[in-house]
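Annotated in TrEMBL:
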{"type": "TRANSMEM", "residues": "12-32", "note": "transmembrane segment"}
{"type": "DOMAIN", "residues": "83-301", "note": "domain 'GPI inositol-deacylase PGAP1-like alpha/beta'"}
{"type": "DOMAIN", "residues": "601-925", "note": "domain 'GPI inositol-deacylase transmembrane'"}
{"type": "TRANSMEM", "residues": "671-693", "note": "transmembrane segment"}
{"type": "TRANSMEM", "residues": "739-763", "note": "transmembrane segment"}
{"type": "REGION", "residues": "781-801", "note": "region 'Disordered'"}
{"type": "COMPBIAS", "residues": "786-797", "note": "compositional bias 'Basic residues'"}
{"type": "TRANSMEM", "residues": "823-842", "note": "transmembrane segment"}
{"type": "TRANSMEM", "residues": "890-919", "note": "transmembrane segment"}
Amino acid sequence: MFLQSVSLWNLAFYALMVFMATLGLWDVFFGFEENKCSMSYMFEYPEYQKIELPKKLAKRYPAYELYLYGEGSYAEEHKILPLTGIPVLFLPGNAGSYKQVRSIGSIALRKAEDIDFKYHFDFFSVNFNEELVALYGGSLQKQTKFVHECIKTILKLYKGQEFAPKSVAIIGHSMGGLVARALLTLKNFKQDLINLLITQATPHVAPVMPLDRFITDFYMTVNNYWILNARHINLTTLSVAGGFRDYQVRSGLTFLPKLSHHTSALSVVSSAVPKTWVSTDHLSIVWCKQLQLTTVRAFFDLIDVDTKQITQNPKKKLSVLNHHFIRHPAKHFEENPAIISDLTGTSMWVPVKVSKWTYVAYNENNISVVFANIEMVARKNNFFVSKRTVWIRVYWIRLIGPCFIRTFSDSRQGIDLSWKAELLPTIKSLTLRLQDYPSLSHLVVYVPSIHGSKFVVDCEFFKKETRSIQLPVTHLFSFGLSSRKVILNTSGLFYNIELLNFGQIYQAFKINVVSKCSGVKEEITSIYKLHIPWSYEDSLTIAQVPSSTEISLKLHIAQPENDSHVALLKMYTSSDCQYEVTVKTSFSQILGQVVRFHGGALPAYVTSSILLAYGGQLYSLFSTGHCLEYATMLDKEAKPYKVDPLVIMIKFLLGYKWFKELWDVLLLPELDAIVLTSQSMCFPLVSLILFLFGTCTAYWGGLLSSTSVRLLSSLWLALKRPSELPKDIKMISADLPFLTIVLIIVSWTTCGAFAILLTYLYYVFKIVHLQASLTTYKNSQTVNPKHSRRSEKKSNHHKDSTVHYLRLSANDAEDSLRMHSTVINLLTWIVLLSMPSLIYWLKNLRYYFKLNPDPCKPLAFILIPTVAILGNTHTVSIKSSKLLKATSQFPLPLAVGVIAFGSAHLYRVPCFIFIPLLLHALCNFM
């Protein structure tokens, strides 16, 4: 019945939408690199010592606990307090466990053992009872206050010690990082209690799914405080994102706001972190060995040797974090490195005669290789006198030990350039502009003892413009049918491919690098680094040449309007190979970006489509006396031109002062489209794409609900005696007031979402019963058609002869089922959007019988009687209502409103659904 009401053309369209949505979902959930994180293991059995909290505190927060992590002898020693180390507090995120601290805690313990416990860290962890704070925001403030009490409790454990700490470092995973930032908003909180904040995969900008107003209010409070008080916040903060592997929290949400007067904040994607270079998913970011090693190294470099605690110097903190998380020169951190260095030990002189050369060593002892005649070669090739910028690039490949590069103005002393080098996965690279070193005469590379392993140094002079090649990306709507490419014929070691016209999050491309090598007898590695200059989201690809390598090109952060930088593909190549770089649009990845950035708004678009179909059904009932099929009305009424132009027009008018003032006078909330624009998330045609996806979802959802009702009715008929159509229609049955009162009491005393679910199940039961009655009637009509026709005539005659006593005919029952099927689809979305608070309540039922605060309680109070009446409502009882025409016109503006105000605030969607349902119920009485 449902499929018969849809043309083959529309069915093909809905199937196409499913295919496109599947492509986008596949890119989000599977279109990324494999997990390259190494697992971190404990060398001894992990133990979690529960820290005893004050009785009042434990009574106030019965579900929360504080633990101290330890292993082996360390755990045994610290069972007897007080402590002597440096306190670090770990805050788990949504549904996170306090035991997630074990990875970084174990690595820090091994590092302390390596230095004979000269310094060591004490890792504490908070047990939030694995609360679902990403789904329900009512407990975020409670968690924040508990963490404040934990910090004070932790510091008391060090009282009386010689180097007692006055503050703690905090590592927050997911929502735990937001809770840590929220500490500063507490009235009695002293900012000095936190000396460092590191967040991992924390959505700082906005909630992933704004499912209740408590989450959005909490975000607004935290972010507004940090923005308004940025000048007074001196807390050094590092935010680490997981990259494209983390499909739960997209990396764009983790970037802290860049404020000109707040320079103590860094945001970086794990794929850009030196010595890590991998993307992590939402959970592996807490146990990824590469990333945790980097974090622990940074912690130990942050220690002040005088206080034996984390330094209070903000400049040093930022320098250490930059050293380990942004650009690593492959040297241990030094706060004040020496610029001038002496040449000591054995030297080997290598005369340089050409502009490009290679040195290979297998030495067993430490040696300094001096490349002489640098100045002569440069002048011979007119590099110093050239009007163009000339660079020298040096690569060296090593296995063991540090490497140093020095330029010398005399034979024994020179400038140490090793701090300007950059560490890459298999090489260390240094680029110098010769004009900056006019007295350069020698280049010295310190080669450590590598026990016979191969050590290679590659050097070359080059003019910058010869290695910078522009490659415009293909158009968004080329759909991968066209491509652009460049061929690198020269035998250089480095190329900068400038990716022109690339800077928006809706752009996505595939870059294919094909390398062809001649005369290569051993394995050669090339490195391709995608560098995004406006954010730290670089990614590296290592390729064994000759080969064909595919690189995904898409962004986490859009290019700011005032930023003129160009995204680069930095290629560290082999001089024996020729490279061909091709770029083409990836349609599947574009759809993936739509899903990644806007998938959370889909419920609003689905609801908008259903509301349009609902309004069409009500109008058809008013104009013709009959209700058309849901699928037919969805095809007829769910058109994007009914919604999008109005939203665009409102957004345009809000740019005028007079309209904005009128908007504020009416106390209307901010338009969601403006919120998305402020976050650089506006795609061309994105609203159209989402509307089509929403209509498709509404169609297949309607098919699923209709099929489910028919199956349940068949099951009902199999288990119960066949029922008949109601002989009379009663809007308010004898048990309806009692049932309504019971459900309202349930909502008041337990959870509003639970009462909504019970109300929904009652409504479904009523519709299943009606479907079973209609099926029974049709079966009886097939068996005895004459008797059925007489009954139908009698029913129609009775219906015409009285107004107050209505009898339901088969046609009226079918019309009612069509209307009820649409109402079920609307109610289903109300139930789905209220599910998070219900799940949270069920999970914490042993601690709290009543959910407080309850985001669904106000809605439940009004929805329960409304749905109870709708369950007894039939089309025959409302088709003559004076309110029906006005009711049929309401869904259209509400369909616009749900897009305008609900796409970025999903908790508002049920309000837009409820209004037409209430009017529909009132039609029974007016």
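Each residue, glycine too, has its Cβ placed from N, Cα and C.
Bear in mind that the values here come from a model prediction, so they are computed numbers and not experimental data.
Among the stretches 671-693, 823-842, 890-919, the one making the largest number of Cβ pairs under 8 Å with the transmembrane segment (739-763) is 823-842. Remote same-chain partners of the transmembrane segment (823-842), defined as residues 6 or more beyond its termini with a Cβ less than 8 Å from a stretch Cβ, comprise 131-132, 135-136, 138-139, 209, 211-212, 603, 606-607, 610-611, 614, 630, 698, 701-702, 705, 709, 750-754, 756-757, 760, 763-764, 767, 848, 851, 854-856, 859, 863, 867, 870, 906-907, 909-910, 913-914, 917, 920.
Through the fold, the transmembrane segment (671-693) approaches residues 17, 20-21, 205-206, 252, 476, 505-506, 557-558, 560, 593-594, 597-598, 601-602, 605, 608-609, 640, 643-644, 647-648, 650-651, 654, 899-905 of its own chain, all at least 6 residues removed from its boundaries and within a Cβ separation under 8 Å. Within the model, the domain 'GPI inositol-deacylase PGAP1-like alpha/beta' (83-301) shows a mean pLDDT value of 92, rounded to a whole number.
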